[in-house]
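Feature list (source: Swiss-Prot):
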BINDING   HIS456, HIS460, CYS558, HIS562  Zn(2+) binding site
Amino acid sequence: MTLNKLRKKYIDFFKSKKHFEIMGKSLVPENDPTVLFNTAGMQPLIPYLLGEVHPSGDMLVNVQKCLRTGDIDEVGDLSHLTFFEMLGNWSLGAYFKEYSVKCSFEFLTSSDYLNIPKDSLYVSVFEGDQEIPRDTETAKVWESLGISKDRIHYLSKDHNFWGPVGSKGPCGPDTEIYVDTGKSKCSLDCNITCSCGKYFEIWNNVFMQYNKDENGNYIELGRKCVDTGMGLERTIAFLQGKSSVYDTDAFMPIIKRIEYISGKIYGQKEDDDRCIRIISDHVKAACFILADSSVVFPSNLGQGYVLRRLIRRSIRYAKKLGIKSHFLADLVDSVEAIYRSFYNELTEKKDFIKKELSKEEEKFFKTLSQGEQEFIKITRNLPSKTIPGDIAFKLYDTYGFPYEVTEELAIEYGFNVDKLGFNEHFKKHQKTSKKGGDKVFKGGLADYTYETTKLHTATHLLHKALQLVLGDHVRQKGSNITAERLRFDFVHSEKMTDDEIKKVEEIVNLQIKNSLSVKKIIMELSEAREKGAMALFGEKYDDLVSVYEIDGFSLEVCGGPHVENTNELGTFKIQKEQSSSSGIRRIKAILIDE
């Protein structure tokens with residue numbers, strides 16, 4: 001069984017059970033600013049689990065890319081991952097506990113699918129408490145399928161209950177499925193709650209059975225849902241008889257390439273193995289972030305900071321392996337080869353990924369050299385073994401040293417870091433930057449005069465023209481439009497050439513000359529996205545949105561206002577193209593009446 005075969009078998013099985021396959025979402029949540037990345041398969045489907053009607057029906061199956069940053073420091077052991085895939089099937093009121101459990105059991109044990117002996121399976125169910133009864137219903141289903149009572153464990157809310165999101169809302173018990181790896185028990189008390197590695201949790205079925213109200217009461221839901229998640233990497237490790245996810249075909253091609261570059265052999269020395277695992281995990285995660293439709297570049301903020309940290313941490317551990325030259329781009333082919341049959345974005349953006357990794361690598365080699373020298377100089381004169389917060393912040397602010405790198409260096413040299421002090425200086429820096437930013441840039445339209453409206457329409461033409469000239473990765477990151485000029489921030493990592501600027505101007509002016517009509521259409525957000533309408537990524541939209549179509553050229557979700565025809569605009573001229581921030585360019589342009 002391979003990674004790709006398992007993914008396909010899962011999808012095919014649930015499609016045979018009348019589930020509709022839906023596409024996985026972007027790594028970056030579209031309408032959830034509270035998290036940087038999708039961390040679970042159910043995250044993009046929360047609105048539908050909470051009651052919205054899904055356009056594809058009430059029985060769904062998908063594969064969701066996920067990325068968890070909370071455990072980055074744990075990556076390097078045998079199990080923790082930054083990027084992973086979650087296989088999921090969903091019932092939005094169509095079926096409940098019995099059918100869900102029976103489907104899971106069939107997929108796991110059928111000779112047509114995973115063919116796992118049922119005697120290798122262990123399960124947990126909710127033990128009940130004063131508010132919610134014991135989940136004997138699910139336990140009885142497992143018993144009816146041949147899972148003996150001694151392999152059914154009743155566990156507390158901490159283990160076997162999901163939700164609600166916040167203080168109230170839908171929630172319910174779950175049942176977790178474990179496999180026995182065949183390892184010896186670590187003690188007489190060893191069971192599925194033990195972390196010794198004998199038992200692997202591979203699947204979780206969540207049963208949305210209750211609604212918790214504002215008074216803390218649990219009320220039975222009329223429409224009960226099922227949300228399940230199977231970890232692809234953990235499951236394939238078990239099926240391939242491996243003790244670690246890194247020993248599977250999800251990682252070995254990357255590890256083999258690291259062996260070739262470094263001259264180290266995986267499996268010979270634990271310190272080297274840890275470095276190799278960190279590099280293979282982080283480079284894979286970085287490739288998927290760079291390939292994502294959300295368009296993320298390395299930076300010091302949000303998703304960009306996570307990407308930068310993954311890249312720079314890879315470089316730090318490569319140095320420990322003795323890799324002194326640039327190497328990141330050399331690993332991209334190995335990542336792409338593993339996933340090309342399912343994630344074509346890695347193939348389409350392979351050259352772009354290599355380019356961005358190499359650029360960040362070049363930046364960090366300079367930063368690392370200067371920063372390490374400064375670190376050694378500073379610590380040589382410290383009166384204690386604690387690096388003060390202001391010095392740690394200086395390394396960050398002056399040399400671009402992420403706090404985590406300072407912390408890792410500190411451990412190497414026998415120091416610790418005043419993290420609270422660093423955070424205080426960092427917050428002061430953020431406040432100062434925000435005040436300055438508020439003065440410099442205020443987004444949107446200054447007013448709704450005719451001149452401002454014309455420039456607003458010109459902005460739509462500019463947005464599309466930039467995509468045609470520079471590539472589909474171009475996305476609006478902000479705009480500021482007055483009666484005199486437009487200012488447009490967009491995702492692009494390089495300074496535009498004179499030839500590119502000229503081509504953009506020519507495309508915009510051709511659309512003006514062609515007298516294209518501008519129409520406002522009201523449609524559902526899902527329909528707008530299906531039609532390819534551009535939208536501000538991360539913006540929250542209503543179910544019904546206004547979409548402005550510039551006759552066959554541009555389609556964009558927008559509140560308006562706009563002119564009725566492009567022939568009203570005059571001549572478009574770019575006055576300036578410059579950097580706005582890391583990975584973001586800014587254009588200032590005007591319209592000339594002729």
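Yeah, the Cβs are placed from backbone N, Cα and C, and that goes for glycine too.
Overlay of Swiss-Prot annotations on the structure.
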{"residue": "HIS456", "record": "Zn(2+) binding site", "CB count, 10 Å": "21"}
{"residue": "HIS460", "record": "Zn(2+) binding site", "CB count, 10 Å": "24"}
{"residue": "CYS558", "record": "Zn(2+) binding site", "CB count, 10 Å": "21"}
{"residue": "HIS562", "record": "Zn(2+) binding site", "CB count, 10 Å": "22"}
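Mapped onto three states, the DSSP output places HIS562 (Zn(2+) binding site) in coil.
In three-state terms derived from DSSP, HIS456 (Zn(2+) binding site) belongs to a helical segment. For the recorded Zn(2+) site, residues HIS456, HIS460, CYS558, HIS562 set the reference point as the centre of their Cβ atoms, and the other residues of that chain within 8 Å of it by Cβ are THR457, THR459, VAL518, TYR548, GLU556, GLY560, PRO561.
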